[in-house]
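**Q** I'd like to ask some things about the structure below.
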């Protein structure tokens, strides 16, 4: 059986990530070459030996001294090796990568942290991270939604709804002329778009739900929450006013741990019955659950 669309997306992204970033732990430093070998020194050489060897090789391969193109390429490698080994921090990281080549991700992170960490603006890094995460989040949401829609469209209930809507639109008359198959297919697509598909757990993707957008709107959200809470305290704690229908519904829904969309799908009579029970009060809620347990046992 083929994996679901969402899993295939995730697998493809993981493989792409691995293909881009996973490589030899030491290759990120001097490529396929050994940094010490490029400078002609041993791994335990001191800083003076490394510096002396670099200047000696510079006299032979520097572009100003040697115009040969191959020598120019070699000098670039030598200069790179010297930049890595002259600094105690990067040299220690390189030595660790040699000793622990299996720790690919750690060694790679250490390298780029040392190379770019001090040059990067934390704000730019944060923005970039939010953009990347939001992009992945949106792609995942779209994949999940399309997969859920495709699943629903294969159910008998959906097909019956579509057939009923088609009969209503055409008056029960089918087109048997040439090309009717294409016309019927187009009509089905139009009717399918008219059907309101409410799929729990796979709502239509919205930019307002993205992590980056929520982060940008965080100050507004906090202010809005503080205003709402202050109004609640003033109205119901200080003035002791009776709960409005909306607020009583909110308290009831929160007491029963019912999601907003599930509450919206309840009929008005059921909502009114639950609100009148004042389930936000502990004793009333306990009595309600006790009644539900008794009712469940009775039905068995």
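Even glycines carry a Cβ here, placed using N, Cα and C.
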**Q** From the ranges 81-101, 102-122, 123-143, grab the one Swiss-Prot calls transmembrane segment.
**A** 123-143
**Q** For the feature transmembrane segment as recorded in Swiss-Prot, pick the matching range from 165-185, 186-206, 207-227.
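**A** In Swiss-Prot, residues 207-227 carry the label transmembrane segment.
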**Q** If you count Cβ atoms within 10 Å of the Cβ of residue 88 (N-linked glycosylation site), leaving out that atom itself, what do you get?
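**A** For residue 88 (N-linked glycosylation site), the 10 Å Cβ neighbour count is 9.
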**Q** My understanding is the cutoff is Cβ-Cβ under 8 Å with a sequence separation of 6 or more in the same chain; which residues meet that for residue 46 (N-linked glycosylation site)?
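**A** When sequence neighbours closer than 6 are ignored, residue 46 (N-linked glycosylation site) has nothing within Cβ distance under 8 Å.
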**Q** Over the topological domain 'Lumenal' (228-300), what is the model's average pLDDT?
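**A** Summarising the topological domain 'Lumenal' (228-300) by its mean pLDDT gives 91.
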